[in-house]
Amino acid sequence: MASFSSSCILLFIAILAVISWQAVASDPSPLQDFCVADNSSRVLVNGFVCKDPKVVTVEDFFLAAKLDMPRDTKMSKVGSNVTLINVMKIPGLNTLGISLARIDYAPLGENPPHTHPRATEILTVLEGTLYVGFVTSNTDNKLFSKVLNKGDVFVFPQGLIHFQFNPNPYKPAVAIAALSSQNPGAITIANAVFGSKPMISDDVLAKAFQVEKKTVDWLQAQFWADNHN
């Protein structure tokens with residue numbers, strides 16, 4: 001009987017650990033109806049301090065984002081423009097664990113390989129065609145890819161490297177993405193590796209990519225622009 005009780009206790013602890021891990025692995029859950037971000041507060045917390053509910057207005061939950069309007073992709077070296085609507089744009093998103101993005105792709109434009117460290121992404125194509133995919137973690141590094149057409153939906157798991165590419169040389173494409181964090185973050189792989197400040201040693205990168213140091217030096221000399229607005 002004692003052995004059975006011990007097993008039950010261990011099982012309970014294991015289940016509690018899994019639940020606790022899931023709880024801390026995502027944005028904090030709201031403990032009230034809303035927690036509008038107080039951007040004027042100097043208090044540092046994981047997220048944003050709540051504004052006094054008495055001074056919250058409907059404008060805290062609204063943004064005239066004009067997401068129906070095409071974005072300029074001509075200034076982007078990768079041919080895309082990401083318009084992110086997160087808690088910095090709508091304070092009412094604080095603690096709600098969600099954000100939104102419109103992504104415009106020029107003909108042959110791409111949203112280059114990147115990750116969202118704090119969010120899973122679900123994307124739907126509004127116009128055009130996209131070739132999309134994500135790569136699993138080591139050691140498999142398996143590519144899951146698909147060609148999406150208007151109305152199709154695709155999921156990118158949290159933290160995995162993923163991309164979107166418009167294969168049409170003549171027509172642009174548009175997508176809308178929802179992300180499971182008020183502030184999902186984005187790490188564009190090429191920018192982070194070759195455009196870091198200060199730069200990563202070319203000895204390190206030459207070894208990692210199995211190329212000559214002059215190749216790394218050339219890549220680091222490029223202008224690594226951000227396609228996020």
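Placement of Cβ uses the backbone N, Cα and C atoms for every residue, glycine included.
Unlike curated records, TrEMBL annotations are generated automatically.
According to TrEMBL, the protein has these features:
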- 1-25: signal peptide (SIGNAL)
- Cys35-Cys50: disulfide bond (DISULFID)
- 73-217: domain 'Cupin type-1' (DOMAIN)
- Asn111, His116, Glu121: oxalate binding site (BINDING)
- His114, His116, Glu121, His162: Mn(2+) binding site (BINDING)
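For Cys50 (disulfide bond), the same-chain residues lying six or more positions away in sequence with a CB closer than 8 A to its CB are Gln32, Cys35, Val36, Ala37, Asp38, Asn94. Averaged across the domain 'Cupin type-1' (73-217), pLDDT for the predicted model comes to 97. When the alpha carbons of His162 (Mn(2+) binding site) and Glu121 (oxalate binding site) are compared, the span between them is 10 angstrom.
Listed in chain order, the extra residues whose Cβ falls within 8 Å of the Cβ center of the Mn(2+) site residues His114, His116, Glu121, His162 are Thr115, Ala119, Phe134, Phe156, Leu160, Ile161, Pro184, Ala186.
Neighbour density for Asn111 (oxalate binding site): within 10 A of its CB lie 29 other CB atoms from the protein chains shown. According to DSSP, the secondary structure content of the domain 'Cupin type-1' (73-217) in residues is 22 helix, 56 strand, 67 coil. Taking the Cα atom of each, His114 (Mn(2+) binding site) and Glu121 (oxalate binding site) are about 12 angstrom apart. Counting only same-chain residues at least 6 apart in sequence, those with a Cβ under 8 Å from the Cβ of Glu121 (oxalate binding site) are Val155, Phe156, His162, Ala177, Ala178, Leu179, Ser180, Pro184. Cβ environment of His116 (oxalate binding site): Phe156, Gln158, Gly159, Leu179, Ser181, Pro184, Gly185, Ala186, Ile187 lie under 8 Å away, each six or more residues apart in the same chain. Counting Cβ atoms from all protein chains shown, Cys35 (disulfide bond) has 22 others lying within 10 Å of its own Cβ.
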